[in-house]
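What Swiss-Prot annotates here:
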type     : residues                                                                                   : note
ACT_SITE : His177                                                                                     : active site, proton acceptor
BINDING  : Gly7, Ala8, Ala9, Gly10, Gly11, Ile12, Gly13, Asp34, Asn94, Ile117, Thr118, Asn119, Met230 : NAD(+) binding site
BINDING  : Arg81, Arg87, Asn119, Arg153                                                               : substrate binding site
Amino acid sequence: MKVAVLGAAGGIGQALALLLKLQLPAGTNLALYDIAPVTPGVAVDVSHIPTAVKVVGYAGEDPTPALEGANLVLISAGVARKPGMDRSDLFNINAGIVRNLIEKVATVCPTACVGIITNPVNTTVAIAAEVLKKAGVYDKRKLFGVTSLDVLRSETFVAELKGKDVNDVKVPVIGGHSGVTILPLLSQAFEEDKIDFTAEEVAALTKRIQNAGTEVVEAKAGGGSATLSMAQAAARFARSVLKGLTGEQVVEYAYVEGNGEYARFFAQPVRLGLNGVEELLPIGTLSAYEEEAVQAMIPTLKADIELGEKFVNG
């Protein structure tokens with residue numbers, strides 16, 4: 001198996017390279033690519049860590065060598081949020097970066113699974129889909145927006161609030177990957193049993209989870225965005241996809257093109273397998289609060305998606 005990270009010299013990319021070197025199955029090849037000249041050095045640096053994962057780094061304008069033979073491509077290239085910016089402010093820069101990289105994926109490794117980390121994910125995934133479609137190689141089972149950080153944050157915050165063991169807490173998160181489109185289904189949160197919340201706790205937790213990215217941006221005071229936690233979420237996602245590609249049945253949350261019930265792309269539980277998404281899993285019964293929140297987010301989510309489609313198609 002080969003995993004390629006595009007944007008490997010950035011804040012997320014370097015942390016992700018480290019985690020993948022430590023966590024990928026023995027025998028996996030890891031290719032690191034970035035436009036920055038430091039990238040081969042990042043590869044040399046992590047290659048000194050004693051695990052059976054082979055790492056090679058590539059720099060420059062052309063990601064082709066990194067993409068050749070890739071089974072999974074993770075794209076974290078782009079600019080990070082600064083204080084006062086929201087994820088949509090990133091669109092103007094990151095949209096073009098994602099488009100250009102996906103054009104290369106379409107020619108070099110069209111059957112690879114692709115995980116988009118670059119924000120705004122609600123929009124960049126739509127861009128990727130349209131570029132792949134134009135190239136005649138789009139397989140909706142193999143394109144993902146990596147939203148697993150929303151799940152990790154939800155589980156962490158719930159465990160902290162309720163004094164639970166975070167390893168046992170499970171919280172589904174659906175919708176999208178920014179602001180009001182992030183919806184933790186706290187009515188379905190459980191440890192060994194269902195976890196109960198007051199209405200006030202639900203409102204406060206939901207808001208904190210939705211604004212957790214901003215919490216990090218502000219705490220870093222202009223020095224970056226959520227890179228380390230995002231890298232861990234992406235590494236977990238990568239391991240899940242690879243398990244699926246080797247025949248294991250794995251459930252993960254991701255932003256995928258589904259049945260269009262709410263919007264063309266929607267974050268939900270999926271069963272991963274040999275072809276990427278093998279099955280879209282039901283989101284279960286929503287509370288009245290959650291149902292209202294889903295209906296309220298749909299216009300935002302649809303507008304985000306349309307922005308990406310129009311960027312490619314005019």
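Just so you know, glycine gets a Cβ as well, placed from its N, Cα and C.
Mapped onto this structure are the features recorded in Swiss-Prot.
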residue	record	DSSP (3 states)
Gly7	NAD(+) binding site	coil
Gly13	NAD(+) binding site	helix
Arg81	substrate binding site	coil
Asn94	NAD(+) binding site	helix
Thr118	NAD(+) binding site	coil
Arg153	substrate binding site	helix
His177	active site, proton acceptor	coil
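With the fewest other C-beta atoms within 10 Å around its C-beta, Arg81 stands out among the recorded positions Arg81, His177. A separation of roughly 10 Å, to the nearest angstrom, links the Cα atoms of Arg153 (substrate binding site) and Met230 (NAD(+) binding site). According to DSSP, Met230 (NAD(+) binding site) is assigned to a helical segment. Every protein chain shown contributes to the tally, and the Cβ of Ala9 (NAD(+) binding site) ends up with 24 other Cβ atoms within 10 Å. The Cβ of Asn94 has fewer other Cβ atoms within 10 Å than any other of the binding-site residues Asn94, Thr118, Asn119. For the pair Thr118 (NAD(+) binding site) and Arg81 (substrate binding site), the C-alpha distance works out to 11 angstrom. The Cβ of Arg153 (substrate binding site) has 24 other Cβ atoms within 10 Å, all protein chains considered. The recorded positions shown are Arg81, Asn119, His177; of these, the one with its CA atom nearest the CA of Asn94 (NAD(+) binding site) is Asn119. Comment: NAD(+) site residues Gly7, Ala8, Ala9, Gly10, Gly11, Ile12, Gly13, Asp34, Asn94, Ile117, Thr118, Asn119, Met230; largest CA to CA distance 18 Å, whole number. Here the binding-site residues are Gly7, Gly11, Gly13, and the one whose Cβ sees the fewest other Cβ atoms within 10 Å is Gly11. Reported as a whole number, the C-alpha separation between Asn119 (substrate binding site) and Gly13 (NAD(+) binding site) equals 14 Å. The local packing around Met230 (NAD(+) binding site), expressed as other Cβ atoms within 10 Å of its Cβ over all shown chains, amounts to 24.
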